[in-house]
Amino acid sequence: PSVPEVKRQRRAQKQRQARRLAQGQIPAGTPEPVEGREHVYVQTELYLEEICDRIIEVDGECQTDEFLDRPPTPLFIPAKTGKDVATQIEEGELFDFDIEVKPILEVLVGKTVEQALLEVMEEEELAQLWSHQRAFAELRNAEFAELQRLEEQDRRIREEKERRRLEHLEKLRKQKETAEKIAARAFAQRYLADLIPSVFNNLHESGFFYDPIERDIETDFLPWLMSEVEETLQKKVLGRVMLDSLIRMVVEKRLEEFSRPPPPPPDQAEAPAEESRATDASPEVSAEADADDQPAEGEETDQPVAEE
């Protein structure tokens, strides 16, 4: 803050302290500063307090005329002094071209030759500089290539050393692992020497080990045989049922024939004769059918007994 602001704050602080002293809230403050010094207000409370005393500010404005372009400044022409006079000079009185041009030509030719020599020397110097630069660039490139070669060689050597170190560590690890496996195998063999026979005996007694032929007969052959026998028996039963149905049909047909009414009168003798012949033929056919069916029934009834 500026000096007036500090003075104003000091006055306000002194006024507040005076009011507090008048009210008896706080004891007397520090004494007045010595000559040439001044006290500065510092907040010592636990929580800082924002100092919000500000100078009253007021915005003001004014209206001006429009900007007019200034006319251009006239060219300065000094006033003439003295009097105008003239002098008549004839041709050849002041300047002879052939005589006066020699030193000018000498100077021009000398300057031209000197500039040409300077340019030639500069070109030769530039060519030498370029040759030196090319030689330096070639030397630097050769040194850089050699440095790269050495770095690459060093890198290959480091990689080879690291690879061999890793190979050695891997070899040691494999040797240790092999030794541990051998020791574990020997311990397992000693531990399982008596365990394996007892385990096999228990498994054999429990039925885990069986004869493959016997198991094949039990699982494959016997089910197939039983299915075939059952199928054969079903066929025989079906044949018996069919034979019984045929016998039943024949018996019902004969019963129907015997239960017919008596023959008609003599005037229709031809028709009864033909019917009698038909009836006589039908009993023969039925008898032949019974004769054919009975042995079949005997064969069908005898065959299961023989097979059983």
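Heads up, the Cβ atoms here are built off N, Cα and C, so glycines get one too.
Feature annotation from TrEMBL assigns coiled coil to 140-189. The compositional bias 'Basic residues' feature in TrEMBL is assigned to 8-19. If you look up TrEMBL, you'll see 287-308 marked as compositional bias 'Acidic residues'. The region 'Disordered' annotation in TrEMBL covers 1-35, 257-308.
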Per-residue pLDDT averaged over the coiled coil (140-189), given as an integer: 93
Helix, strand and coil residues within the compositional bias 'Basic residues' (8-19) as assigned by DSSP: 12 helix, 0 strand, 0 coil
